[in-house]
Amino acid sequence: MSEKGRLFTSESVTEGHPDKICDAISDSILDALLAEDPCSRVAVETLVTTGQVHVVGEVTTLAKTAFADISNTVRERILDIGYDSSDKGFDGASCGVNIGIGAQSSDIAQGVNTAHEVRVEGAADPLDAQGAGDQGLMFGYAINDTPELMPLPIALAHRLARRLTEVRKNGVLPYLRSDGKTQVTIAYEDNVPVRLDTVVISTQHAAGVDLDATLAPDIREKVLNTVIDDLSHDTLDVSSVRVLVNPTGKFVLGGPMGDAGLTGRKIIVDTYGGWARHGGGAFSGKDPSKVDRSAAYAMRWVAKNIVAAGLAERIEVQVAYAIGKAAPVGLFVETFGTEAVDPAKIEKAIGEVFDLRPGAIIRDLHLLRPIYAQTAAYGHFGRTDVELPWEQLNKVDDLKRAI
């Protein structure tokens, strides 16, 4: 295609994908610990394979009951996803659960508990007391492609993945199984989405289901058409979509029996579908003292409010931290030529309106709550099915006043 015209593709996966099972387990453990002790420090990684779950990491907590009950938390989440029988390749009630969790490193804890600003610089502000849990760079992004200010390819891929799960769980298509993937390719002209080009839907199913006679027509009618009918987009042509359903022919063997899964292997699915840059840090299983998670949420909050305020049509913001320091060491703003005001003014307004110290992010977004398991599948940003604090548009007026 020409420079003005291009195709862009994003993918999503269902909650029964092996990697997403792991994200869900890690975040369910996190939520259970935070519910009992909001100050829990948690870094939990999960691996699943045929008949087995391995949970490892570092936890410092006063949540004795939740910690002792981790094995049951694991099993309950697997069963809720839909793996409840050996006939489906995995059973949360009978799988092996191995737990190997130690305490958070005291070397890391000292920098988080007492930041460089307090230890070395003598700062007195309470929000200077909490240092970043690690070094790193985090990105936030927003674009006016959709009402939720997300890139359209990933937004549509998530809607299809959620719909796959809905029709499985509510009995519309009872022969579907938990594992599945969606992929959306959209044609753009001058950065405007103009045509839905290709949709790929791969879904695990019961044995004996005919692809051509049953599965493909059902997926088109009950999943794709339903999502497209609900899609409100002025410029997108959906009249000639190429649809590929289970292009391997069948998908009976899935879940942890088909592939091993790990926490944190779907970071592009979790964020912006490849449309924006990524700092590399995964989210699931991490408490908000880890800026990989909390600062990425904060930067989405920043970006979304900037676009909603009309300061740019799309924006990417980067923040960077040093371990043990409260104040960010870097902030970068990219508006891709869509700004309504000087980007330098936008950057200055960010500094005036948003406090990006970890303690302030946790305070302003109320992050010491058990809200994370609901983010483990279908994206952390632009969610239309759950309310998340970093999606609120509560800084629009403040930004306008600051410009």
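Glycine residues also receive a Cβ, built from the backbone N, Cα and C atoms like all the rest.
Lifted from Swiss-Prot, the feature list:
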- His17, Asp179, Gly180, Lys181, Lys250, Phe251, Asp259, Arg265, Lys266, Ala282, Lys286: ATP binding site (BINDING)
- Asp19: Mg(2+) binding site (BINDING)
- Glu45: K(+) binding site (BINDING)
- Glu58, Gln104, Asp259, Lys290: L-methionine binding site (BINDING)
- 104-114: region 'Flexible loop' (REGION)
Practice item. Round to a whole number and give the Cα-to-Cα distance in Å for the pair Lys290 (L-methionine binding site) and His17 (ATP binding site). Key: 25
Exercise for review: Among His17, Asp179, Gly180, Lys181, Lys250, Phe251, Asp259, Arg265, Lys266, Ala282, Lys286, the annotated ATP contacts, find the widest CA pair distance and round it to a whole Å.
Suggested key: 36
**Study point:** Protein Cβ atoms within 10 Å of Gln104 (L-methionine binding site), excluding its own
**Key:** 20
Exercise for review: Filter the binding-site residues Asp19, Glu45, Glu58, Gln104 down to those whose C-alpha lies within 10 angstroms of the C-alpha of Asp259 (ATP binding site); answer none if the list is empty.
Suggested key: Asp19
Study note, to complete from the structure: Other C-beta atoms within 10 angstroms of the C-beta of Lys286 (ATP binding site) total 27
Exercise for review: Determine, to the nearest whole angstrom, how far the Cα atom of Gln104 (L-methionine binding site) is from the Cα atom of His17 (ATP binding site).
Suggested key: 29
Exercise for review: Find the average pLDDT over the region 'Flexible loop' (104-114) in the predicted model and report it.
Suggested key: 81
